[in-house]
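*Asks:* After the structure tokens below, expect a handful of questions from me.
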Amino acid sequence: MLLCVSANHKKTSFTVLEQLARVSPDFASELVEAEDIDGAAILSTCNRFEVYIDAIQKGDQDDVCKTGLLVQNRIGELCNISPSTIIEQTSFLAGCEVSRHLFSVATGLESMIIGETEIAGQVKRALTYAQKCRTTSPELERLFQRASAVNRHIRQSTKINEVGQSLVSLSLDLASSRIGDWSGVRAIIVGTGKYASKALALLKERGVVDISVYSPSGHVNNICNTEGVRNIFNLQTALSGCDLVVGCSSVDKPVITKQDIETAQASGSRTSRVRPVGRPSTDLTAIEASNRSRHVLIDLGLPRNFDPAISDLPTADLIDLDMLRVHAPFDNLAAEKMAHELAIESSSQFVNDCKQHEATPVIVSFRNYLESLTQTSLRRTDNCKHAQHALKHFVNSLIHIPLTRCKQLAANGESHKFAESMEILFDVKTDCTEGTQYQSSCGKSFD
């Protein structure tokens, strides 16, 4: 049975999300060592932490809830979060509700900014990492692969792409009220990943030409080799000569503290291109004279890249995920509604496909049984081509109605009835168990 423990910006505080971001990706490997779990994959973003599980269904609904509770408690232990807090601030989904949720997530319908596109790549990478660590299962792979396909279908069929902008884009929009002329801004990007690349592209679109990149881990990749971009190795020194810092790195602790900013501003010698919020743009000359050094810091990291105490400084403006959640724009309701309907429809189709997939052992056993009868009969007729063709045509005609009925039963979660009939009538045994993983928990979420 597919299960999901979800912590996200809708229900979980960013303080808890920050703690969850420190959970090692190897947690999935720990989960699959349990005898009742076949597979696990972790989706972790700046405003979401979700664990997807393929669990062996042994009992009733209470056993399903017990598995979810055990996973929630273990997550709490890893992050030093109390059981009551982790249960209160996470959701537990089971059965068909899992596919409906992931399809909505992959399409950006559950994002802080409706329709944003970064999440689709993050869903793909979550599956890739699980495959690399050998923690996935066939059922989980089908789920994640279908989620990517549904994302493409919904974006092609609706105007959801026109609704969503990225967190990076929104953060730069908010920063615009503090910046007079983007072309003169001196920017530093902390990090070298996907968000850093997005930040680099958007800064260039706005006319920023003075861009540096700092990697806390010392990792060098394509963004560090981009034309016109400088690599810096001493962040403290670079801070004194910059206006804007964008944090997009995965770090365990802040790379810039309040004291770092105070030191940088005390030693800064260049006029800042940043103005205090509320000052009219016509007053730039006075601002430059009175604010020799001022910073805007955009923190997109989880855990935080920058010390939240920086916001206490009168000469620094900190834009973080809490602020972005408040300023996230209203969505296009028509496009969102249509996208949600398609996600629900796709989830129903996925569940139906999975139910029919569960009937595969029954169908294969029945086909093998009839094939053996066919071969036995052919040996008695000198195996001539005419007889072979006629007999196979007869078998295919004979099997059509039973297999159609089997698929209908499977769609209702009753493929075991066909399996039982096969065993009674023909002594054909299969591994098909009673019911399906989607029957008892369909439509259930446990908050």
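Placed from the backbone N, Cα and C atoms, the Cβ positions cover glycine too.
Here's the feature list from Swiss-Prot:
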type	residues	note
BINDING	THR45, CYS46, ASN47, ARG48, SER111, GLU116, THR117, GLU118, GLN122	substrate binding site
ACT_SITE	CYS46	active site, nucleophile
SITE	HIS101	site 'Important for activity'
BINDING	GLY191, THR192, GLY193, LYS194, TYR195, ALA196	NADP(+) binding site
*Asks:* List, in sequence order, the residues of the same chain other than GLY191, THR192, GLY193, LYS194, TYR195, ALA196 whose Cβ lies within 8 Å of the centroid of the Cβ atoms of the recorded NADP(+) site.
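*Replies:* So the extra residues in range turn out to be ILE189, SER197, LYS198, ALA199, ILE223, CYS248, SER249.
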*Asks:* What does DSSP say about THR192 (NADP(+) binding site): helix, strand or coil?
*Replies:* coil
*Asks:* Given a separation of at least six residues and a C-beta threshold under 8 Å, show me what packs close to GLY191 (NADP(+) binding site) in the same chain.
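*Replies:* Sequence-distant Cβ neighbours: TYR214, SER215, PRO216, GLY247, CYS248, SER249, SER250, GLY301, ASN305.
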*Asks:* For ASN47 (substrate binding site), which of the recorded positions HIS101, THR192, GLY193, TYR195, ALA196 has the nearest Cα in space?
*Replies:* TYR195
*Asks:* Quick check for the class: what is the C-alpha distance, in angstrom and rounded, between the residue listed as 'active site, nucleophile' and TYR195 (NADP(+) binding site)?
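*Replies:* Rounded to the nearest whole number, the Cα-Cα distance is 10 Å.
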*Asks:* Please classify the secondary structure at HIS101 (site 'Important for activity') using three-state DSSP.
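*Replies:* Note: HIS101 (site 'Important for activity') is helical by DSSP.
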*Asks:* Specify the count of other C-beta atoms within 10 Å of the C-beta of CYS46 (active site, nucleophile).
*Replies:* 24
*Asks:* Take the mean position of the Cβ atoms of THR45, CYS46, ASN47, ARG48, SER111, GLU116, THR117, GLU118, GLN122, the recorded substrate site. Which other residues of that chain put their Cβ within 8 Å of it?
*Replies:* GLY108, MET112, ILE119, LEU167
